[in-house]
Amino acid sequence: MTQDNSSWVTEFILLGLSNAWELQLLFFTLFLLAYAMVLLGNLLIIVTVRTDPKLSSPMYFLLSNLSFIDICYTSITVPRVLVALLSGHKAIAFEACMAQMFFLHFVGSSEMFLLTVMAFDRYTAICRPLHYTAIMARRACWALVAACWVGGFIHSIVQTVLTLQLPFCGPNTIHSYFCDVLPVVRLACADTALTEWLMASNSGFISLGCFLVLVASYVLILAKVRDRLSQGHWKALSTCTSHVMVVTLLFMPCIFTYLRPAGTLPTNKYVCVIYMTFSPMMNPLIYTLRSREVKESMWRLWKRCRA
C-alpha cells in the first residue's frame with residue numbers, strides 16, 4: 001500500500017496487554033492454550049462433519065463453516081501476539097497493520113452474517129418444517145455462505161478505505177495488542193469526526209442489526225412452539241440455546257466496542273479478548289457438548305482412527 005506525502009508513519013507500536021514480564025508470560029500461556037483449543041476444537045468439528053454422512057443437514061454444514069471462520073479469525077492476530085510476547089518486538093509495519101485490520105473485519109463481519117444465517121436455519125427448521133428441505137437446499141446454503149463472505153468483504157473494504165484516507169504523521173503508539181479501526185483512527189493527524197461516525201455506523205450498526213435480527217428470530221421461534229413442544233421441537237430449541245450462547249459471547253462485546261465514535265470512550269483491550277479469542281474457543285465446546293449427534297459422530301471417528 002502506498003502512502004501520500006502527508007503520511008509519515010511507517011510503523012505502529014502495539015503496547016499489548018501489559019509491560020510486566022510476569023503478566024506477559026501469563027498472557028502467552030493463556031493465548032497459546034486458547035489458540036490450541038481453537039485449532040483442535042474447530043478442526044475436529046470440520047473433520048467430523050465432512051466425514052460423517054449423518055451430519056449432512058444444513059445446520060451442520062453451516063456449523064463447519066463457522067468453525068473454519070473461527071480458525072481464520074484467531075489466526076489473524078494470535079500468532080503475532082504470541083511472537084510479540086516472547087520476543088518483546090511490538091512494532092508492526094503500516095502495511096501489515098492495515099492488512100490485519102482489513103482481514104479482521106472481513107472475517108469478523110462474515111461470522112456475524114453467518115450466525116444470522118444459522119438463526120434463519122433454525123427458524124425454518126422449527127417454524128416451517130415441511131418446507132425446510134426446499135428452502136435450505138445445498139445450493140441455497142452455498143449461496144447464503146457466499147453472501148456472508150461478500151458482505152464481510154464490502155464492510156471491511158469500506159473500513160480500510162476510510163482509514164487509508166487519513167494522514168498519519170505524529171504518534172504511532174496503539175494501546176492494544178492488534179490493529180483495529182478505533183485505536184488506529186485516534187492517531188490520525190486530522191479531524192476524524194466524520195470518519196468516526198461513518199465507522200461507527202458501519203461496524204456498530206452491522207453488529208446491532210445482526211443481533212436484533214437474531215433476537216427477533218428467537219422470539220418468533222418461542223412464540224411458534226410455546227404451545228406444542230414435542231420431542232423434535234425440544235431438540236431444535238436445544239440447538240437454539242447453543243446459538244444464543246455463541247451470539248452473546250460475540251455480539252455483546254462488539255456492540256460495546258463499535259457502536260460509538262472512536263473518541264467517546266476508551267477502547268477496553270481486555271473486552272476485545274472476549275470476541276477475538278474466547279468466543280472462537282468456546283464455540284466448539286458449546287456446540288459439541290449440547291449436540292448428541294456431534295458427540296456420537298466424534299466417538300465413531302475416534303474408533304475409526306484407532307482401528
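Positions of Cβ are set from backbone N, Cα and C atoms, glycine also.
Database features (TrEMBL):
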type	residues	note
TRANSMEM	25-47	transmembrane segment
DOMAIN	41-287	domain 'G-protein coupled receptors family 1 profile'
TRANSMEM	59-82	transmembrane segment
TRANSMEM	102-120	transmembrane segment
TRANSMEM	140-158	transmembrane segment
TRANSMEM	204-225	transmembrane segment
TRANSMEM	237-258	transmembrane segment
TRANSMEM	270-289	transmembrane segment
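Confidence for the domain 'G-protein coupled receptors family 1 profile' (41-287), expressed as mean pLDDT, is 84. Contacts between the transmembrane segment (102-120) and the transmembrane segment (25-47): absent, as fewer than 3 C-beta pairs lie under 8 angstroms at sequence separation of six or more. Among residues of the same chain six or more beyond the transmembrane segment (204-225), those with a C-beta under 8 A of the stretch's C-beta atoms are 109, 112-113, 115-116, 119-120, 122-123, 126-127, 155, 233, 236-237, 240, 243-244, 247, 251, 254-255, 258-260.
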